[in-house]
Ligand SMILES: NC(=O)c1ccc[n+]([C@@H]2O[C@H](COP(=O)([O-])OP(=O)(O)OC[C@H]3O[C@@H](n4cnc5c(N)ncnc54)[C@H](O)[C@@H]3O)[C@@H](O)[C@H]2O)c1
Ligand SMILES: O=P(O)(O)OC[C@H](O)CO
């Protein structure tokens with residue numbers, strides 16, 4: 001199945017990543033983008049001025065290729081692909097008006113690096129179950145890529161993962177342009193879990209940086225983190241995978257070191273003494289790692305993988321233990 005001629009793509013979400021993905025899609029000839037955002041003021045502004053006023057406001061949104069909708073039921077009409085780009089904690093609410101019939105025959109693409117909080121399930125599993133879509137008709141957009149650098153047209157790479165490479169290959173073509181190379185791979189679960197885990201690690205990087213730890217410590221933290229991610233991903237989905245490739249290690253590195261990282265910024269505020277509530281209020285953006293920390297902590301009760309960094313972040317965010325004391329404990333077990 002190839003949709004490339006005159007492909008219709010619904011994009012659900014109005015944040016930085018949705019805006020960046022739309023910019024990439026607009027680079028293709030012959031695409032129609034059907035965009036749903038929840039904020040009515042943003043919708044009106046985009047229709048009138050062709051910029052998203054709230055996120056990546058410099059990006060020009062090509063009106064000939066983009067139609068903006070108030071209702072998800074209208075946005076998904078006739079779409080070949082439906083891209084989900086709302087933070088995981090809000091996706092159930094965002095899609096509440098959609099039922100099985102609305103998404104029949106469509107491919108679901110998750111651009112979300114998070115899990116459904118409370119249920120602790122992957123977005124592709126959730127979407128597949130909720131909308132009766134076969135897992136092979138879902139894929140994820142992952143890899144080390146910040147929306148802000150896409151906006152600046154800086155060379156970037158994406159990993160498009162599905163259970164079967166051909167499905168990922170089709171979508172990867174749509175995500176490839178002058179400044180983005182998208183590579184397909186067939187490790188849906190591994191890529192999804194690794195992307196969730198790296199957000200927790202970025203929180204730890206931010207927390208320790210906020211506490212005054214330096215680059216020497218962070219290098220060790222990130223090396224240990226890669227082992228922690230590998231051990232968990234293998235326990236959850238055992239198969240051969242090259243964890244040092246950009247879909248896994250690359251994504252960890254960009255989030256751990258970039259000035260643009262939401263999770264690192266959130267962690268940094270916690271390290272500098274902000275409470276979770278205040279840090280959330282200060283940030284207009286969403287740090288997925290906050291929710292992921294709880295999900296992974298709960299999932300791991302069944303798997304008993306040694307996850308010292310995740311546990312340290314959990315103690316700080318959910319047990320309100322002092323970041324300095326928790327990191328004193330963590331530094332003793334890192335090697
Ligand atoms: N930004 C990136 O560079 C990037 C890159 C890769 C993946 N992602 C993933 O994309 C997903 C979306 O993140 P983002 O960076 O676009 O978000 P963002 O932080 O830029 O924007 C926040 C988004 O959350 C929505 N939101 C906030 N509160 C809400 C609520 N109460 N109910 C419903 N929606 C609410 C906002 O409307 C907005 O769409 C996340 O899973 C993230 O991990 C982001
Ligand atoms: O680095 P963050 O926390 O902004 O997350 C964004 C993306 O996942 C980076 O690939």
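Positions of Cβ are set from backbone N, Cα and C atoms, glycine also.
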Sn-glycerol 3-phosphate site partner of 143, 198, 251, 261, 262, 263 (as recorded in TrEMBL), chosen from 113, 173, 294: 113
Additional site residue, 55, 248, 303, 314 [criterion: listed by TrEMBL with 16, 17, 38, 113, 147, 262, 286, 288 for NADPH]: 55
DSSP three-state assignment for residue 263 (sn-glycerol 3-phosphate binding site): helix
Binding-site residues compared (113, 198) - the one with the fewest other Cβ atoms within 10 Å: 113
Cβ-Cβ distance under 8 Å to residue 261 (sn-glycerol 3-phosphate binding site), same chain, at least six residues away: 146, 202, 206, 254, 255
Contacting binding-site residues, sequence order - 113, 143, 263, 288 vs ligand 1, Cβ under 6 Å: 113, 288
Cα within 10 Å of residue 113 (NADPH binding site) - qualifying binding-site residues among 198, 251, 263: 198
Count of other CB atoms lying within 10 Å of the CB belonging to residue 16 (NADPH binding site): 24
For residue 38 (NADPH binding site), the number of other Cβ atoms found within 10 Å of its own Cβ: 15
